[in-house]
Amino acid sequence: MTEKLVIIGNGMAPGRMLEHLFEKAPGQYQVTIFNAEPRVNYDRIMLSPVLSGEKEYEEIIIHGDGWYIKHGITLYKGHKIVAIDRAAKTVTSDHGVTESYDKLVIATGSVPFIIPVPGKDLRGVITYRDLDDVQAMLLAAQSREKAVVIGGGLLGLEAAAGLANRGMDVTVLHVMPTLMERQLDPAAGYLLQKAVEERGIKVICKANTKAIIGDGKVEGIELDDGRIIPATLVVMAVGIRPSVGLARDAGLAVNRGIVVDDGMLTSDGSIMALGECAEVAGQVYGLVAPLYEMARVAASHLSGDRSAAFVHSDTPTKLKVTGIELFSLGDFADGDDREEIVLRDASAGVYKRLVLKDNKIIGTVLYGETADGAWFNDLKKRQTDISQMRETLIFGQAYQGGSPLDPMAAVAALPDDAEICGCNGVCKGKITSTITGKGLTSLDEVRAHTKASASCGSCTGLVEQLMTLTLGDNYNPAAVQPMCGCTDLGHDDVRRLIKAKGLKSIPAVMQELEWKTSCGCAKCRPALNYYLICDWPDEYADDYQSRFINERVHANIQKDGTYSVVPRMWGGVTNAKELRAIADVVDKFDVPLVKVTGGQRIDLLGIEKEDLPAVWAGLGKAGFVSGQAYAKGLRTVKTCVGSDWCRFGTQDSTGLGIRIEKFMWGSWTPAKLKMAVSGCPRNCAEATCKDIGVICVDSGFEIHFAGAAGLDIKGTEVLGLVKTEDEALEHIVALTQMYREQARYLERIYKWAKRVGLDEIRRQIMSDADKRKAYYDRFVFSQTFAQVDPWSERVSGKDKHEFRPMASVGFNEAAE
Amino acid sequence: MNWYSIGRIEDIPLRGARCVRTPQGKIGVFRTAENEVFAIEDHCPHKGGPLSQGIVHGKAVTCPLHNWVISLETGKALGADEGAVRSIPVKNEDGALSIELESLMMAAE
């Protein structure tokens, strides 16, 4: 008989518990989850990489909606449980939903600690706990102003590094004399502070916050000693406390956390608790490894196996800030009965300290070089007597037995039950046996199947070494990155062979280059389609089925499956007739949102796919053509008003912009191509962060390229100065063609330029007139096939099938 | 259960898809390079993206929103992602296609 299991909280611990439970006892429980956060289960450890921009939210989701559906779980998103009725065995949410349970699991996690100082409620004061906090920080970071992080622990430093990465001027305030004093001794804390400061983050230790000042919103922080630190954002990261209010109200035994036995059972036999809110044997936990252990124990008990018991073990701490290596484990306080071994290498920035008691390791601090962390952890766990290797112990595992330093040997020497991934509790034997058993050859596969290095990722190096050990020559991470799983060839080889072998269709490429799949995948097909179109503009027939939907239907797909439509406004110039046509379309199709884009055009959002041809027909009457806002191709040429109007303008920047756009529209490029022309060095068109930009000066036109203002921010490089508009156009076109012919698909111009070298590009485009002319001519030839307005083609009936459902069935019967 | 005629195989581009409207929501009907036809719910298990707009490769489709790869045979997410969409039975009789839907009359009763 199925029992009803209700879970309060949808974090990583209950998520892992359910994974174990469904494996051990499928179908035993009908599961209902109440989640106060309005989303699915995501990897909270990875919030710092999301903040710093190294990951996206979508990449850190652990269980997508489909997982809940597959397991028949009812998930109430955004429902906070307000009451537990233990007599009636029910819970009630703030939206009034009441559910009964046979077994209840409380996994309410923790809440950030807010220091009780004046001003703590001001706008701009936030904590660092969930995705909403990250989003608030990202929003604040756009201002690139000053931020203060209170708390120099793990979370505070990760927040500070993330905000600094996003361009904010960050100060960390820490109340203790050294950073991360709970995990690091003062020496390592000092090294860490130096490394943090080298990243431009200011650190003030022994800083006691007296008040947060500001009128309505944060303006700064006042310290005890009277110092004032200006800030528009204050992040409090001073610690967490278990969230126990609900359990206390229900009359359960509560200490610091909800008191549970080593089987995760609370003082009520039908209620369990796990995660950060639970207290076992007087300890509460905040790192993921013990929480996952709790999840394993709880799942065992739920499935009826009461033998599992939670045992305390020390968890190593690592900081997830790219470029800072530190590892800390166990107890490292000084003491009369303790000895220590210390290694310092100031020039290499390395510090290692082992704390010993009775010839056994009880604590480890590693800074700068952490590869031996797993080995020291293993020695500590096993309580190995180290007296035999005492002389060389600190140099690490590779030095034992006189063998030379070799990280591979160190990993090879680890026993099978040595823990490799602390977050997920994966040991060496599990990884190597899965690699062999399932025939895995890539890091992604190993992550998918074993979860090793799939959480915080800090053991990635170890996992890769294990792969090398297990697979030998079959694993070579440094080799050329293949285009995708369908081939071993990299982009550059594929491009070269397409030309060398005269391959002129996707099947020909796949046949000749020995593709491993029958018809490629969503990564290689769009790339091949572009390479072929670029190399054989007159002979290759564009394969629409190998294009991403946006380029197939000439509009931009939105999250709800509707599309956005951006007509071309040459150089950002428009007129009454065009605006009227847009207004008419907006009225006729009830367009939900009309927005001005960053590229000086107008975006119509929320258009149904079936309506696209009719919308284009309406726009076409005023002469509009596709703005190709969806294309890996020429997007916009942004302009300022230039010498016709502006009192500072030196050249006709608007005219030049329009001329460039009319010459180059319709061309496909490896990635999107955005341009701008500014009429004077004041640069109102912001040409110096574009793929290609022009700054007009009295003596001519300064051509810029390789800027970026998206995921990366980068000012342009100067290609050179030319005297006339004709020359400017020729140089820009030649540069574009060189990029078209050489770059890898989806590689923006700044990344390509970095790869091939700025000097080489300048040499070919500025100094070699023959080369320049040849590039120019090839672009012009290619344009004779590319400059066809895709919208008017479709208004005239091309690709009709794209815009209509195949059939509508079942509706008549239903109405009977 | 009822079979509903939805059109002919040539109506769908090779390595492509079309969608069919039903009272139970949109269904994506896919035609592979090998001329096999599959039908699945047009709703990615990840964020509900319209699968019929994705790139079709082998016996799978890549969702246009966040690149989940869904098997056309089973409706299950491939690779490490977890999730599934409903597969809908489809019949191909000399190019004439029909799909099977659960009793739709129920809805009106």
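Just so you know, glycine gets a Cβ as well, placed from its N, Cα and C.
Keep in mind it's a predicted model, so treat the numbers as computed, not measured.
What TrEMBL says about this protein:
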- A:Cys640, A:Cys646, A:Cys680, A:Cys684: [4Fe-4S] cluster binding site (BINDING)
- A:Cys684: siroheme binding site (BINDING)
- A:4-284: domain 'FAD/NAD(P)-binding' (DOMAIN)
- A:317-381: domain 'NADH-rubredoxin oxidoreductase C-terminal' (DOMAIN)
- A:420-467: domain 'BFD-like [2Fe-2S]-binding' (DOMAIN)
- A:483-532: domain 'BFD-like [2Fe-2S]-binding' (DOMAIN)
- A:558-621: domain 'Nitrite/Sulfite reductase ferredoxin-like' (DOMAIN)
- A:631-771: domain 'Nitrite/sulphite reductase 4Fe-4S' (DOMAIN)
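Applying an 8 A CB threshold to same-chain residues 6+ apart, the list for A:Cys684 ([4Fe-4S] cluster binding site) reads A:Cys640, A:Ser678.
All protein chains shown were included, and the count of other CB atoms within 10 Å of the CB of A:Cys640 ([4Fe-4S] cluster binding site) stands at 26. Within the domain 'BFD-like [2Fe-2S]-binding' (A:420-467), the DSSP-based counts of helix, strand and coil residues read 27 helix, 4 strand, 17 coil. Looking only at other Cβ atoms within 10 Å, the busiest spot among the binding-site residues A:Cys646, A:Cys680 turns out to be A:Cys680. Other than the site residues A:Cys640, A:Cys646, A:Cys680, A:Cys684, same-chain residues with C-beta atoms no more than 8 angstroms from the centre of those residues' C-beta atoms, the [4Fe-4S] cluster site, are A:Val641, A:Gly642, A:Phe648, A:Gly649, A:Ser653, A:Ser678, A:Gly679, A:Arg682, A:Asn683, A:Ala685. Counted over residue pairs 6 or more apart, the CB atoms of the domain 'BFD-like [2Fe-2S]-binding' (A:420-467) and the domain 'Nitrite/Sulfite reductase ferredoxin-like' (A:558-621) come under 8 Å in fewer than three pairs, which marks the two as apart. Residue counts for the domain 'NADH-rubredoxin oxidoreductase C-terminal' (A:317-381) under DSSP, helix first, then strand, then coil, are 9 helix, 30 strand, 26 coil.
Counting residues of the domain 'Nitrite/Sulfite reductase ferredoxin-like' (A:558-621) by DSSP class, helix then strand then coil, yields 28 helix, 14 strand, 22 coil. Along the domain 'BFD-like [2Fe-2S]-binding' (A:420-467), the predicted structure has mean pLDDT 83.
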